[in-house]
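Visitor: The structure follows.
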Amino acid sequence: MRAVRWHGKKDVRVDNVPDPEIVNPRDAIIRVTSTAICGSDLHLYDGMIPSMQAGDILGHEFMGEVVALGKGVTNLRIGDRVVVPFTIACGQCFFCEKTLTSLCDNSNPADNQDIAEAMMGHSPSGLFGYSHMLGGYAGGQAELVRVPFADTGCFKVPAHLTDDQVLFLSDILPTGWMAAENAEIEKGDTVAVWGAGPVGQFAIRSAFLLGAERVIAIDHRPGRLALAAEAGAETIDFEDVDVMAALAETTGGNGPDRCIDAVGMEAHGLAIDNIQDRAKQAIGIGTDRPHVLRQAIVACRKGGTISMPGVYGGLLDNLPMGAFVNKGLTLKTGQTHVHRYMQPLLERIEAGDIKPDVIISHRLSLSEAPGAYDDFLNKQDEFTKVVMQP
Ligand SMILES: [Zn+2]
Ligand SMILES: [Zn+2]
């Protein structure tokens, strides 16, 4: 089969590789009908995530048709059309029973858990196509993919909904929703969202559905800000105005009640702290650029909540913990517990509350992946979301 493989920093190729096979009784093989490139894939493309190996198959947002099943899977049939969560979860461990599926204890194989435990103390769940530290699983930017724990990991979708409408249940729609839920929004709140990429867009829409009165989107790409405005958000272009002053002014000096960091470890912009972080990265003594998190802590109103769906990878310098503590802020984070949100969000899609396909900017074939990665990284205003049909 053909698959999109990582060969090194900014080196992604479409290669012929052996078809995946059933390895365990709870596996399924899916023939992929649609797969997307995620903003978090750009951290891999940029060489920011440790424990990638040349030849790893990328992709964690995908859906398709079941073409083979292990003997242990009794709730699926060949031919079922399914969306697959990017977090791999056994469905049976302490964490899965609490629906904390991105923290599953059983989906990251032991050898890889050692790396994760050395870095983080404990291992989170395995992820598709996202480094050996997180399982080393082949991803879904391919014609076929093996889905472990398929009985909990394959979510059947109704025929009347198109791939475009349901594909993003695999990651970014639940991620945007959980970001808004984690922000602990109360009716009438003002919510600031840094980063108007796909996750930010869904966080904005989810924040309104969860009771926000005002949502303020912060980015520097006009197209993305325009998409945020279409959803009812006010916008701040950080290249034109001072974000901190603008947020203070528009909230009567109080600051936003809730702040969502949908940017993560690779902040853009020429703020002094961000330039310092870039310099540390360049000489190998820094991992992340947490400019947005610093800004959110200082901007947030006293007693407010910061929700952080953006991905961070390592050790973060110079966080204003004095402000964080003395303002009594709450910080909520985590990889998304995708399984928990698929059914309720499917119902939201069916009801027309959320239209996920508004963010799709490009539909390409799998063979166009190398160019698509480059364009998604370098022309982010134009390339909001790339969907590929293998
Ligand atoms: Zn993703
Ligand atoms: Zn589990």
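Note that Cβ sites are derived from N, Cα and C of the backbone, with glycine treated the same way.
As annotated by TrEMBL, domain 'Alcohol dehydrogenase-like N-terminal' applies to 25-158. Per TrEMBL, domain 'Alcohol dehydrogenase-like C-terminal' is recorded for 198-267.
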Visitor: Using DSSP, what's the helix, strand and coil tally for the domain 'Alcohol dehydrogenase-like C-terminal' (198-267)?
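Guide: For the domain 'Alcohol dehydrogenase-like C-terminal' (198-267), the helix, strand and coil counts are 29 helix, 15 strand, 26 coil.
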Visitor: For the domain 'Alcohol dehydrogenase-like N-terminal' (25-158), what are the DSSP-based totals of helix, strand and coil residues?
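Guide: Taking the domain 'Alcohol dehydrogenase-like N-terminal' (25-158) as a whole: 29 helix, 38 strand, 67 coil.
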